[in-house]
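According to TrEMBL, the protein carries these features:
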SIGNAL    1-17  signal peptide
DOMAIN    73-157  domain 'Saposin B-type'
DISULFID  Cys77-Cys153  disulfide bond
DISULFID  Cys80-Cys145  disulfide bond
DISULFID  Cys108-Cys119  disulfide bond
BINDING   Asp195, His197, Asp266, His449  Zn(2+) 1 binding site
DISULFID  Cys210-Cys215  disulfide bond
DISULFID  Cys216-Cys237  disulfide bond
BINDING   Asp266, Asn306, His413, His447  Zn(2+) 2 binding site
DISULFID  Cys373-Cys421  disulfide bond
DISULFID  Cys583-Cys588  disulfide bond
Amino acid sequence: MLTKLCLVSLLIFNVLTKPPVWCKSLHSPETSTEGFKDLKEFSHEFLSSMISRVFKTIDLKRVTYELKERKASLETCFACKLTMALLQHLIEYGKQGDELVHLIDSVCLKLDIETPEVCNGIVRVFRDEFLAVISKVVVNPSEVCGIILGNSCAPVHNPLHNWSVPLPNIPKPPVAPKIQLKSVTKKLRVLHISDTHIDPHYVDNGNAECKKPLCCREKANVTANSQSGYWGDYRNCDVPLRTFEQMLKHITTFHKDIDYILWTGDIPPHDIWKQTRKGQLSIINSVSTLITKYLGAIPIYPCLGNHESAPVNSFPPPFITGNESIEWLYSDLKHIWSKWLPKITYANIKKGAYYSVKIRPNLKLISLNTNYCNNQNWWLLLNSTDPAHELQWLVNELQNSELLNETVHIIGHIPPGTSDCLQVWSANYYRIINRFENTVVAQFFGHTHNDEFEIFYDDSRMPDDISNLRATNVAYITPSVTTFGFMNPGYRIYTIDDTDGSSHFVLDHETYYLNLTEANKYGRKKSLHWKFSYSAKKSLNLTSLAPQQWHKLVLNMMHDDSLFQKFYRFYYNRSDYLNRKPCDNETCKLDILCRLVTGKSHHFKFCDELLKISRSK
């Protein structure tokens with residue numbers, strides 16, 4: 001397949017410019033570059049047709065799936081390099097911005113990647129960002145794809161994208177065992193809400209099987225099987241505001257013991273081809289007002305999701321100024337978050353949308369802006385070096401807490417182990433967490449929509465037996481409120497040790513869900529009933545929620561399929577979606593378990609150890 005792709009792309013480049021070096025290296029002798037014509041001589045129609053022919057040789061559905069599922073096969077990596085090489089060559093050989101954008105729109109239509117409305121909308125929404133970034137990128141196509149997809153696609157040597165945050169010279173204290181006090185006399189109850197993705201344009205009895213990235217917004221072409229439910233739909237649909245409001249009412253009625261709330265981002269819907277700055281601010285303000293209405297008496301600690309910006313994933317670092325900067329969003333966030341946060345946080349929010357607050361005299365909460373690790377944040381292709389100095393700030397915060405004998409909880413949106421997080425950022429974050437493992441006792445994220453977790457390990461040594469790996473930390477990932485991705489809507493409540501002198505460990509967590517099938521059966525005729533799903537400690541047979549116990553759980557699920565299947569039900573928050581394939585084979589099982597042991601993006605050492613266990617059965 002790769003040889004075929006290279007031959008086709010070489011043919012086009014021979015006609016257009018010159019063969020790409022990363023393709024020439026697969027063949028010998030070198031292809032002659034004599035007689036190339038200037039790109040300006042070729043019509044728009046000719047170029048779009050030729051480029052479309054190249055990409056028709058690629059399984060675009062597979063490539064898209066692999067990008068979503070943190071996999072970078074040779075084909076996906078090649079497709080990335082080919083795309084970047086084409087773009088850079090087109091610019092180099094005289095294609096102007098508007099021509100380039102029009103060409104991309106045409107290719108989108110010819111390949112039937114999306115509907116005309118979506119293709120045109122995506123091009124319109126992303127135009128300015130795309131042109132600003134692509135014209136300034138200094139790394140070659142191979143390194144661009146290494147940045148986006150990780151070193152398994154291509155090594156990255158450029159110092160702008162190969163960096164380390166310095167750690168303090170103060171020696172790391174001896175590792176303190178993560179053991180909770182024998183007598184827990186005080187507890188905190190902490191509500192975690194994530195990925196609301198409220199769709200103000202949701203319609204019941206709408207089309208849930210449209211050909212767009214987000215459905216349930218129109219009543220055209222509706223069939224009996226494609227009708228959306230009143231409270232939401234398992235297919236590519238977000239939730240209506242009424243479902244979220246019913247959830248808030250339920251929480252205020254049945255969980256009166258909540259001490260504070262973690263709200264880990266992604267408020268707007270998935271209509272990324274239609275979004276504007278004004279529209280994003282409107283939905284963020286509306287949902288924030290609704291939360292304040294029902295839960296305003298309780299402290300709320302938010303962080304920023306990747307869907308809050310327009311375009312989606314667009315979070316320019318501070319060196320991007322003027323109209324292209326992110327100041328429009330951060331200034332509004334400062335205003336909204338000021339209802340819940342002290343003035344001392346405002347400067348960092350305006351700078352980079354991160355902050356720290358004291359929750360208890362010896363407990364600090366740090367809210368990170370993980371959009372600075374987002375591999376779909378194209379601005380980072382210009383320079384990904386510790387954007388907004390966030391990680392250096394994190395090191396300073398943790399060092400101060402270590403000296404003061406404080407414990408720290410961290411919240412963020414994108415989990416550091418997901419492939420959505422840049423490998424270099426994730427590696428630095430992992431190193432920071434392991435350096436301050438005595439101080440950081442819990443991490444809380446969202447983004448994936450699934451109910452899962454990520455384990456951090458002491459990777460300074462690799463024991464012969466994976467069971468002897470030392471787990472250092474756990475990142476909890478809560479299920480989403482939105483149904484997008486075949487989920488039941490859900491929320492979580494953590495129980496945290498607040499006994500005097502405690503380290504504020506997580507003692508347990510309880511997850512709640514709405515059975516969407518049951519709710520839609522009655523529609524508006526019956527009030528919603530949010531059900532208790534499970535207790536982590538009881539249902540997963542954990543003696544505690546210490547990191548080592550989560551590691552043992554993964555090993556147990558390798559051998560105990562009934563335990564794994566129970567976890568898999570929780571993974572989709574007990575969704576009844578009928579078209580999802582069962583996870584009843586080793587490949588699927590290893591894919592899920594691999595996610596759980598990967599706290600460092602594109603780092604598969606611990607996955608490989610699980611594979612060895614599987615093969616030894």
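Cβ from N, Cα, C; glycine included.
This view paints the features noted in TrEMBL onto the structure.
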residue	record	DSSP (3 states)
Cys108	disulfide bond	helix
Cys153	disulfide bond	coil
Cys210	disulfide bond	coil
Cys215	disulfide bond	coil
Asp266	Zn(2+) 1 binding site	coil
Asn306	Zn(2+) 2 binding site	coil
His413	Zn(2+) 2 binding site	coil
His447	Zn(2+) 2 binding site	coil
Cys588	disulfide bond	helix
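Its Cβ taken as reference, Cys215 (disulfide bond) is surrounded by 23 other Cβ atoms within 10 Å in the chains shown. Nearest to Asp266 (Zn(2+) 1 binding site) in space, judged by Cα atoms and limited to the disulfide-bonded residues Cys77, Cys119, Cys153, Cys216, is Cys216.
Summarising the environment of Cys588 (disulfide bond), the number of other Cβ atoms within 10 Å of its Cβ, over all protein chains shown, is 14. For Cys145 (disulfide bond), the nearest of the recorded positions by C-alpha distance turns out to be Cys153; the candidates were Cys153, Asn306, His447, His449. Comparing Cα positions, Cys153 (disulfide bond) lies closest to His447 out of the binding-site residues Asp195, His197, His447, His449. The disulfide-bonded residues recorded for this entry are Cys80, Cys119, Cys210, Cys421, and the Cα of Cys421 lies nearest to that of Asp195 (Zn(2+) 1 binding site). A helical conformation is recorded for Cys77 (disulfide bond) in the three-state DSSP classification. Put plainly, the disulfide-bonded residues Cys119, Cys210, Cys216, Cys237 were compared by Cβ crowding within 10 Å, and the winner is Cys216.
A C-beta separation below 8 Å, combined with a sequence spacing of at least six in one chain, links His449 (Zn(2+) 1 binding site) to Asp195, Pro479, Ser480, Thr482, Phe484, Gly485, Met487. Of all Cβ atoms in the protein chains displayed, 24 besides its own lie within 10 Å of the Cβ of Cys153 (disulfide bond). Cβ-based neighbour count (10 Å, all protein chains) for Cys145 (disulfide bond) stands at 26. Of all the recorded positions in the list Cys77, Cys108, His197, Cys237, the shortest Cα-Cα distance to Cys215 (disulfide bond) is found for Cys237. Scoring each of the disulfide-bonded residues (Cys77, Cys583) by how many neighbouring Cβ atoms lie within 10 Å, the top position goes to Cys77. Model confidence over the domain 'Saposin B-type' (73-157) stands at 88, taken as the mean pLDDT rounded to a whole number.
Shown in sequence order, Asp238, Val239, Asp266, Ile267, Pro268, Pro269, His270, His307, Ser480, Val481, Thr482, Phe484 are the residues of the chain, 6+ apart in sequence, with a C-beta less than 8 angstroms from the C-beta of His197 (Zn(2+) 1 binding site).
Taking the Cα of Cys588 (disulfide bond) as the reference point, the closest of the binding-site residues Asn306, His413, His447 is His447.
Cys119 (disulfide bond) falls within a helical segment according to DSSP.
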